[in-house]
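Here is what TrEMBL records for this protein:
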TRANSMEM  A:60-79  transmembrane segment
TRANSMEM  A:86-108  transmembrane segment
TRANSMEM  A:128-154  transmembrane segment
TRANSMEM  A:175-193  transmembrane segment
TRANSMEM  A:247-267  transmembrane segment
TRANSMEM  A:279-299  transmembrane segment
TRANSMEM  A:374-393  transmembrane segment
TRANSMEM  A:414-436  transmembrane segment
TRANSMEM  A:484-505  transmembrane segment
TRANSMEM  A:526-548  transmembrane segment
Amino acid sequence: MVYLYAVLAFALIASILAVMYKPLGDYMYGVFTSKDDLFFERWIYRIIGVASDKEQTWKAYLRGVLGFSLMSVLVLYLLQRVQHWLPFSLGFPNVEGPLAFNTAASFVTNTNWQSYSPDVTLGYTVQFAGLAVQNFVSAAVGIAVAIALVRGFARRRSDTIGNFWVDLTRCTMRILLPISIVMAIILMALGVAQNFAGFVDVHTVAGGSQTIMQGPVASQEVIKELGTNGGGFFNANSSHPYENPNMWTNLIEILLMLCIPVALTRTFGRMVGNVRQGYALLGAMTTLFAVGFLAVVTAESFSNDPITGLTGGSMEGKEDRFGIVWSGLFGTTSTGTSTGAVNSMHDSYTALGGMVYMVNMMLGEVSPGGVGSGLYSILVMAVVAVFIAGLMVGRTPEYLGKKIGPREMKMASLYFLVMPVTVVVGVALSFALPFARQSVFDTSLANSGNHGFSEVVYAFVSAANNNGSAFAGLTADTPWLDTALGVAVLLGRFVPIVLVVALAGSLAKQDVVPQTSGTMRTDNRLFVFLLVFVIFIISALTFFPTLALGPLAEGLVA
Amino acid sequence: MSTATANDVANDIASDVRNSNNKSMGVMLVKSLPDALRKFDPRNMWHNPVMFIVWVGAAFLTLLAVAQLFSPDDLSHGQPVYFTWIIAIVLWFTVLFANLAEAVAEGRGKAQADALRKTRTTTPAHRVVCYDAENDPDVRGPEKGHGPSSIVEVPSSDLKLGDVVVVEAGDLIPGDGDIISGIASVDESAITGESAPVIRESGGDRSAVTGGTRVLSDRIIVRITQKPGESFVDKMIALVEGANRQKTPNEIALDVLLSSLTIIFLIVVLCINPQASAVGASVSLTVLIALLVCLIPTTIGALLSAIGIAGMDRLVQRNVLATSGRAIEAAGDVTTLLLDKTGTITYGNRQASNFHTLPGVDHDEIVRAAALSSLTDSTPEGQSIVDLARKEGMELDDIEGAKAVPFTAETRMSGLDLPTGERIRKGATSAIEHWVSEEGAGIGQEVLDAMHDRVESVSNAGGTPLVVAEQGANGVVRILGVVQLKDVVKKGLRERFADMRAMGIRTVMVTGDNPLTAAAIAKEAGVDDFIAEAKPEDKLAYIKREQSKGQLVAMTGDGTNDAPALAQSDVGVAMNSGTSAAKEAGNMVDLDSDPTKLIDIVQIGKQLLITRGALTTFSIANDIAKYFAIIPAMFMEQFPGLGVLNVMGLHSSLSAVLSAIIFNAIIIVLLIPLALKGVKYRAKSSEKILGRNLSIYGLGGIVVPFVGIWIIDLFVRLIPGF
């Protein structure tokens, strides 16, 4: 019964996405290939001093990405450090150094890991001028990098891969802002809060009194999901009734998270001149998503715990208004898109259900991944898959007509090395360095044993994949975790970006090998299967020992 | 893919391995043992990062095992002392097997190199001092009134580039060079293995000679074209021995992937104990190193260089020498094949297939005239005319006193003058027309039109027209008709070209024929495109055009004027019979001078890449089973729930680890034959090939180790203490 419900819910989401797939994908294709600037874009280019018709080499493009991001980190850090003196601070004090660094790194990298509790830490100015701005531009940076990589595949014998400033501006102004404005109004209409009322004292039914924070939630909520950011206005994130009051807002928020990553495969297909190539990537993403979703529904519905037998499933940490299916769908979406928003508490899932969310991230966030980052991640994995399997048809492997040689392989191999290494080393150091171990055991961990271990693993997996969700039983606002996770989000974001942009550069320089019947097809079912297998096996092999010590040891019963 | 059951897969692998297993494999393994042992030198191991890690692991465990003897309580982690010893020994064997694979591959080349080396012995050379090409091209010497040249005897090793030597019948040719004067039959069996002598002559495309081959008859003057120690044979020896073998781009790319996987697994394994400490568990160093070796791609790491050497070797077996491994890989990537028509697609000789009469001429008349004029013609074409006439019932006798008129380049026709005064001529259309008008006969326009008509229809059908004319005893000249000579397409080529097409390779025929003829033959042979009336520069232009479209082009060539095209092509196969300029320009040399072999070369290139990919896939897929063996073994005691993962039902922690590591070593040896022989390759579309190889090496790679480890465990559990 629960499966029927799950399949119907999945089908509902899939069919809505199917309807918007072509229009949105084609629209984004137009945005990134158009030669014309809009009038307000011309003003922006004039202010920042960019010649919009001048394309950049991969090195210049990369300098743009890194320079812009570094500046963003500094601005966001400073804003927090001086917030007390800014207007609309709601009286909150300046944020401490490690936490400010952690938050700045987290929002600039599109992670939105929140070591702080937003309701009691940040005023409106930092939320708006700092976090909300980053919610837009960090998402735009991810999309820009993905588009640059796609240009690498699409172009032949080209030294340039586009102009970062143009991509960034257009993505923000033409894609993220318009959708956000429209959807914010719809969310408000459906009951999401939007005001500047500050703190309101209310008397509860039971006669107690409570202080409830109010604020401009709906406007933040949209870009939180649309840009796969995930940093909630409230600590409770999308399980908070102000952020996500009912089934309809829940559905819309899931769709907002998925729409751009999914439709980007169409944009990709259009740009490389074969939409079937995009379908193949989408096929792999969908397969991974569907398997994850069904796994989590299974784990939550059929656990051995006698209480769940009575309630019909493991309902701890889940909102009654969403139930197992819609919590599972939201969680799968959020962990599969690098959003990290939650409408249920992942820490409270069964061991194996929580593991599914971890695995979604461990796969490298490709089901369907964050905005832009999902596309470039799966493209890199496609390069690896093509390399291994392509040899088996007896040719030097090629993907989309580009030969995968030593240089391309170096970029791709380093790419899939970064995230797992960051995670396992991060977790290992947390328990190996004496001061870190002490801090983790004494302060951070509320649970002991395998589950406590899982919480730390989840934190590092979430950080290195720029997801931002948490096994929230962990107290992460400690000097060690603030710093280590801050470093993890930076490594997990920018090392891959450097490799991807470099890869784009070397691909763009190549000529295109014409496709023949001797070419390995990358737009059919066999390739989808292969891609899923390669993504799965690489992360499975890397994380098996870690998972065995955490959720598997906790959840498996002999 | 989905239809393949585990059983099929196992059978397929078994048959692949069996097919590739030659009987002498066991012998070769033993023979190569000394070489394999020599490779244990860490400076040598360093070049193979995957196996180097195993080497370090083995060395470390050996030291640990020794240390455990002295302090068993502190270091043994509660495991029996001999456990570390056994694991260390298995690791040493893993390294040995990898070295053995390489040594065996190299060993096959060594035998060949030794044979070649014998031809390289220093021979006395007759060097010409003051060679005078003008006055004394044949070096008859001053005493006979010729130029100032003289002959001195020097050892062949002293010959320099540009020296001129005289080689007489019975002499070994002292070095690579071009014949600048004379003609000789040469025994090249030392290099090609072909015992029939070949003709080499100055000027033209058969002028190159190779050092170490023997002149059987006549006397030739040779200009040396090699530097000392850089002869063709020297290069061959270096190639087949695999000396200074350079990694190809694809090998480097694969190395990058394998190294990255190795680094990841190294870090993963290093991080296990810190992570385990969080939950109060810990794993012994012995088990950790065993796990590391199981996870890093040792199978492909051990066999990678053997695969490359064996690929080169397979070419050598077919008497093709590649100047680099890169060329073989490029052969696998080729998308366009340029094939010369004559000798490659068709037999060198044309066959008469039809007689076409002109109006007013009796059919028997032309048959008789054509046959008579060919009686004394010993060329295959001439003989085929006689054969065809006989088949049509014509009885032919030699005619006393008839005088044969041989073919000359000037007249471009041949014929027969009969004692009766009759003259018969056959030749190209324009030549006969010329002859007819010269003889002053007024031939009607109608007849000429009819002749052109026949000629054209013959050309259209892909034939070569041979016009037959006759001057009667009375002096009247008549054109009798046209003999149709047909190019005969070699048997089985059509099918091979169809295979090529399935593999995504376009075949292009290059011919000097006119476009009509070319089109007809192209159609008959089933090639995709043709270049008619081709001049060498046309070939070059075509290659450049294809390459600008991103195609990779392979071609064969032998003449000096082929050199630019050979150099431009991605895979240029020079015929050994060709000029040294051609051989320099190409990146492969075919010792048999068989241009059809280009197709084999492409297949060998593909097979090499497929083998590499298949074993990589197999190696990575193996890891799943090894995890399922070792992870429960590491943590089951503390977390009994993990016992669920022990799907193979392995006996104990120790037996699980040992079984996995033994499987890891044994699989290398089992796959050596496959690495050397190459994965079976059939010309099919990429999709079918991929589907097949994925189900065998991907699915098989997952299933085989589960079964293998389980079987090994059945034996390992018998060891006391396990």
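For all residues, glycine too, the Cβ spot is worked out from N, Cα and C.
Sequence-distant residue pairs (6 or more apart) of the transmembrane segment (A:86-108) and the transmembrane segment (A:279-299) include fewer than 3 whose Cβ atoms are under 8 Å, leaving the two stretches without contact. If you look at the transmembrane segment (A:414-436), the same-chain residues 6 or more away from its ends with a CB under 8 A from one of its CBs are 362, 364, 380-381, 384, 456-457, 460-461, 463-465, 480-481, 484-485, 488, 491-492, 495-496, 499-500, 503, 538-539, 542-543, 546. Long-range neighbours of the transmembrane segment (A:175-193) within the same chain, counting only residues 6 or more positions beyond its ends whose Cβ lies under 8 Å from a Cβ of the stretch, are 27-28, 31, 136, 139-140, 143, 214-215, 217-219, 221-223, 226-227, 242-246, 248-249, 252, 256, 260. Counted as Cβ pairs under 8 Å, contacts with the transmembrane segment (A:374-393) are highest for A:526-548 among A:60-79, A:128-154, A:247-267, A:526-548. Tertiary proximity for the transmembrane segment (A:279-299) is limited to same-chain residues at least six positions away from its ends with a CB under 8 Å from its CB atoms, namely 2-3, 6, 10, 14, 261-262, 265-266, 268-269, 324-325, 328-329, 331-333, 335-336, 349-350, 352-353, 355-357, 359-360, 363, 366-369, 374-375, 378-379, 382, 522-525, 527-528, 531-532, 535-536, 555.
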